[in-house]
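Here is the structure we will look at.
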Amino acid sequence: MFTLPDLPYPTNALEPFIDTQTMEIHHGKHHAAYAKNLNDALPDKTEVDLEQILRTTDNPKVRNNGGGHYNHSLFWQIMCPATKSGQPEGKLIELLNSTFSDLPTFKEKFGSIALGRFGSGWAWLTVKGGQLTLEDTPNQDLPSGTPILGLDVWEHAYYLKYQNRRADYIAAWWNVVNWPEVSRRLASN
Ligand code: MN
């Protein structure tokens, strides 16, 4: 059985970039529902490798709710209060520079796919075959590579504060990216 993980910070910790009410509803209602609906839909409730389940299931309820649980569990971890956001360092910045020229160009390209994802979905920085790759996915689908950074562009992630201005949400979100955690995920991949 899968359970809703606690947020690693209070719901107001990402202010003013991500507002408290959005965090309360996003984590406490949306993510909680994905976890509950995943458990309800799982035929084998003893299987614990969610990624394995998601890569092999043909049950749309498992795929959608399991993806929601998997993606949001990552999403909370790769954010943090702006004061702790830091910068990409070490191997991460080396790979970002060698792959995308420099950090501003990476952010521009990542932001562009996040903005261009029509409807609900995610933008990702993934590791695939030892390379950094940008991907975007619809709904709660997983990227094909191993995600080390992901941005939720469902309207539920930003509409209360940013309404239709997804670009403003994306620009603000960079302030609360937990770069040490992204580095850790790169190193452990
Ligand atoms: Mn979401």
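Backbone N, Cα and C atoms are what each Cβ position is placed from, and that goes for glycine too.
What TrEMBL records for 2-80 is domain 'Manganese/iron superoxide dismutase N-terminal'.
The Mn(2+) binding site annotation in TrEMBL covers His26, His72, Asp152, His156. In sequence order, His72, Asp152, His156, Ala157 constitute the residues six or more apart from His26 (Mn(2+) binding site) in its chain with CB-CB distances below 8 Å.
Annotated domain 'Manganese/iron superoxide dismutase C-terminal' per TrEMBL: 88-185, in sequence order.
According to DSSP, His156 (Mn(2+) binding site) is assigned to a helical segment.
Excluding His26, His72, Asp152, His156 themselves, the residues of that chain whose CB lies within 8 A of the CB mean position for the Mn(2+) site are, in sequence, His27, His30, His31, Phe75, Trp154, Ala157.
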